[in-house]
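For reference, the structure discussed in these notes is given below.
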Amino acid sequence: MTLPVRATTARNLAILGSTGSIGQSTLEVVRHSGGRLRVVALSAHSNTEQLCQQALEFRPRWVIPTDPAAAKKCDWSALNGVSEVVCATDGMQQVVQHADVDVVVAAIVGSAGLAGTWAALEAGKTVALANKETLVMAGPLVMPLAASRNAKILPIDSEHSAVFQALAAGRREDLRRIVLTASGGPFRKLTKQQMSQVTVEQALAHPTWRMGPKITVDSATMMNKALEIIEARWLFDLPPDQIEVMVHPQSVVHSLVEFNDGSVLAQLSPPDMKLPIQYALTWPERLPSPARKVDWRTSWQLEFEPPDEDRFPALPLGREVAKVGGTAGAVLNAANEAAVARFLRGEMPFLQIVPVCRAVIDHHSYDPSPTLSQLMQLDTWAREEVQRWIG
């Protein structure tokens, strides 16, 4: 048997969204990589002070502040002779397409992450995808683009990383279904009446994961799992009927893959994003990781239960959107981003988030075969429509 040759050269990373939760965890993986991973580009939106500190530590070739106002206020002189500060409006797209970039870490939250991911795929780059919104918005366009440019999309989402790993153990034609697990969020046991009274602080208190505020609220509404159904539909080219969700409060089993013979394969690890991040960055190798490990010397239990779709209506909404495709994903994503932002500012109740998203979807003019330009226009329209519905 001939074993694959272990790679010895460093992989050059462009990290889009380096000051966010995923970006910071990615840099932690780089610190522990023993020189196998090298940062050549860092981008952030408004947190320019932290971006500058990261650049001083990792000394990338390019630093990309994407908020012009924040970039003007920052003193970049400390980076003279260290990094080139790229402030052009299309600077991020130019950098990710550069020949010196091997892997693009797409960690920008929301629809803002689509442009950089699209540019990377156009250049045939490997994309380590944490920005699920790219596929929710434009999956029918993104996946053919990746195929046409021989670009790879490796998932960072723990659930999709687990599916990706488990699928490798069997033949695709033998697949029966995949099961995405969900923690259930902080309101798993609350009644609708109780959820009608929850505060922003309560919604941000996730029981198992440490994440940014937007995705933490999405976990509380289970909209995050709805978006992951849509993401999985495009990433793995699966009909939505083959994608199921189970609540698993411990967040140790990240997803399951069931084959036609009844065998179910699962990927397990403590809830630590550094593991799926490193897997995407070093695939197909498995290197020592800074992520937490399972302690098999202690007793522990794993619980599973079906989600209550009456209390969490985001799930059936996400399944419907995954089935119809077209423009529906872009509208759902934008409406949810706008509604969550209003909730985080204390301008609307928690239980109004999903109904507003459904109302905006029902009100939009559906197109089964949109262009990228159409999707971006609908992104703007849906956000404005949320403001109209909420007032």
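First residue shown is number 1, and so on along the chain.
Each Cβ is built from the backbone N, Cα and C atoms, and glycine gets one as well.
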The NADPH site in TrEMBL includes Thr19, Gly20, Ser21, Ile22, Asn47, Asn131, Glu133. Which of Gly185, Gly212, Gly262 is also listed there? Gly212
For the Mn(2+) site that TrEMBL assigns to Asp157, Glu159, which of the candidates Glu84, Glu228, Glu244 is also assigned? Glu228
Looking at 1-deoxy-D-xylulose 5-phosphate binding as recorded in TrEMBL, which candidate out of Lys125, Lys132, Lys192, Lys274 goes with Ser158, Glu159, Ser183, His206, Ser219, Asn224, Lys225, Glu228? Lys132
Under 8 Å by Cβ from Thr19 (NADPH binding site), counting only residues of that chain that are 6 or more apart: Ala44, His45, Asn47, Gln50, Leu51, Gln54
Gly20, Ser21, Ile22, Asp157, Gly212 screened against Lys132 (1-deoxy-D-xylulose 5-phosphate binding site), Cα within 10 Å - retained binding-site residues: Asp157
Looking only at Ser21, Asn47, Asn131, Asn224, which of these binding-site residues has the biggest number of Cβ atoms within 10 Å around its Cβ? Asn131
Of the binding-site residues listed as Glu133, His206, Gly212, the one whose CA lies nearest the CA of Asp157 (Mn(2+) binding site): Glu133
Look at the binding-site residues Glu133, Glu159, Gly212, Glu228 and tell me which residue has the greatest number of other C-beta atoms within 10 angstroms of its C-beta. Glu228
